[in-house]
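S.K.: Sharing a structure, written as structure tokens. Questions coming.
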Amino acid sequence: MSVGKAAVKVLHLGRISYGSALKIQQQHIKQHLDWSSISPNTLLLCEHEPVYTVGIRQAPYPPEEERRLKELGADFFRTNRGGLITFHGPGQLVCYPVLNLGCFKKSVRWYVCELERTVIKMCSKFGINASTSPDTGVWVGNNKICAIGIHCGRYITSHGLALNCNTDMSWFDNIVPCGIVGKGVTSLSRELGRDVSTEEAVPKLLEAFTEQFNCTLTYNGSFS
Amino acid sequence: MALCTILRCASVSLTSSLPRLSNRIAVTPTTLLARTCYKRFLNTTTTFRAALKFTDKHEWVRVDSGVATVGISNFAQEALGDVVYCGLPEVGTKLSQSDEFGTLESVKAASELYSPLTGEVTDVNDALADNPGLVNKSCYKDGWLMKMTLSVPEELNGLMDEAAYERYIKSIED
């Protein structure tokens, strides 16, 4: 455990393709692994064009499924994260913390729990009562408001969370989100009955992140 | 009383014809038998219960007859949470020490596994396909991940024994 608060750099990537964001994550992971004494903990924030992504459990999503989803106008990526299928698109705030868990606690179970608590805290700042369930993610009743799926290698994390702000929810009708049958999805806009953009959600998410992870945030306009 | 004397005489004459095993302990048939049996018991257990060695990434290795069985430690399975999927290598995969050899998924997190040794994968625990929770329930026994050959046996010397690993865990938790 480190003495004092860990520093985390925030990078706003804006609207960016899923593939480009993956490349940027890889660059930051490499920085962690190459210079392990200078830990460049980074929080990447972005929005994607419509894309369906799956995790390491590939079997439920054969090439036919990939074709079907691409024909609907979305991109498709097979990734190395945990979790099953999910959707990313405009109006959804995607957050990729590329952290060295050595600066916090060397447990992915702890880390995922802290991500859930961060989002729950953020929801409460909006007056929304969110919670966890036996299924990973953040829920408002039986509807998931935020999906989580991460990768960890040598204590360096990648991938992260996807919070529905004013996402077009019909994209989720084409899949069984996260492989969980019988439950739905929701967004900040749906819960509050008004339009909530990703821009509005960002400061509250960052506030909740610093509180939950007990870290300081630094800002850098450019991306390295 | 007389019987004891006879027995004692018999034991003395018996032991005097045998090579002296120890100068410190009085050699009677009873102690002779105990020492022999004790030694034999020790040899048996040393062969069957090979010591566990550990890496700093919380994998354990147990070597039996030139084959290394690999798994993750109790510390690791607790840190992961409930394992729902094990991505393991194909038999025949050649690995160098510290190569990524697989992934364990738990709580929507995919965590990499690193080879503790250099060698070739000879077996993979197929039971984990249907029962990945074995990694949590029985991490040192039924939840083993893979077996491999040892191309560089000296690598074992660089791994931690159980006592050193316990100290290492304590230093992480502080």
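Placed from the backbone N, Cα and C atoms, the Cβ positions cover glycine too.
Under the heading domain 'BPL/LPL catalytic', TrEMBL lists A:37-217. What TrEMBL records for A:Arg81, A:Gly82, A:Gly83, A:Leu84, A:Ile85, A:Thr86, A:Phe87, A:His88, A:Ala147, A:Ile148, A:Gly149, A:Gly160, A:Leu161, A:Ala162 is substrate binding site. The annotation site 'Lowers pKa of active site Cys' is assigned in TrEMBL to A:Lys144. The active site, acyl-thioester intermediate annotation in TrEMBL covers A:Cys178.
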S.K.: What's the most sparsely packed of the recorded positions A:Ala147, A:Cys178, counting other C-beta atoms within 10 A?
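M.R.: Lowest Cβ count within 10 Å among the recorded positions (A:Ala147, A:Cys178) is A:Cys178.
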S.K.: Looking only at DSSP and grouping its letters into three states, which state does A:Cys178 (active site, acyl-thioester intermediate) belong to?
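M.R.: It is helical.
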S.K.: Long-range same-chain neighbours of A:Gly149 (substrate binding site), Cβ under 8 Å, sequence gap at least 6?
M.R.: A:Gly55, A:Thr79, A:Arg81, A:Gly82, A:Gly83, A:Thr86, A:His159, A:Gly160
S.K.: Measuring Cα to Cα, how many angstrom lie between A:Lys144 (site 'Lowers pKa of active site Cys') and A:Ile85 (substrate binding site)?
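M.R.: Per the Cα atoms, A:Lys144 (site 'Lowers pKa of active site Cys') and A:Ile85 (substrate binding site) stand 13 Å apart.
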S.K.: For A:Phe87 (substrate binding site), what residues in its own chain, 6 or more apart in sequence, show a Cβ-Cβ distance under 8 Å?
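M.R.: Set apart from A:Phe87 (substrate binding site) by at least 6 residues yet with Cβ under 8 Å, we have A:Pro50, A:Val51, A:Tyr52, A:Ala74, A:Trp171, A:Phe172, A:Asn174, A:Ile175, A:Pro177.
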S.K.: Can you tell me the CA-to-CA distance separating A:Leu161 (substrate binding site) and A:Cys178 (active site, acyl-thioester intermediate), as a whole number of Å?
M.R.: 13
S.K.: List which of the recorded positions A:Arg81, A:Gly83, A:Ile85, A:Phe87, A:Lys144, A:Gly149 have a Cβ under 8 Å from any Cβ of chain B, in sequence order, or say none.
M.R.: A:Arg81, A:Gly83, A:Gly149
S.K.: Is A:Gly149 (substrate binding site) helix, strand or coil when read with DSSP?
M.R.: strand
S.K.: Long-range neighbours only, meaning 6 or more apart in sequence with Cβ under 8 Å: which ones does A:Ile85 (substrate binding site) have?
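M.R.: Residues satisfying the criterion: A:Tyr52, A:Thr53, A:Val54, A:Pro60, A:Tyr61, A:Ile175, A:Val176, A:Pro177, A:Cys178, A:Gly179.
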S.K.: The record names A:Arg81, A:Gly82, A:Gly83, A:Leu84, A:Ile85, A:Thr86, A:Phe87, A:His88, A:Ala147, A:Ile148, A:Gly149, A:Gly160, A:Leu161, A:Ala162 as the residues that bind substrate; what is their largest Cα to Cα distance in Å?
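M.R.: Farthest-apart Cα atoms in A:Arg81, A:Gly82, A:Gly83, A:Leu84, A:Ile85, A:Thr86, A:Phe87, A:His88, A:Ala147, A:Ile148, A:Gly149, A:Gly160, A:Leu161, A:Ala162 are separated by 16 Å.
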S.K.: Suppose you look only at the domain 'BPL/LPL catalytic' (A:37-217); what would the mean pLDDT be?
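M.R.: Looking only at the domain 'BPL/LPL catalytic' (A:37-217), pLDDT averages out to 94.
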S.K.: I want to verify one value. Collapsing DSSP to three states, which class is A:Leu161 (substrate binding site)?
M.R.: strand
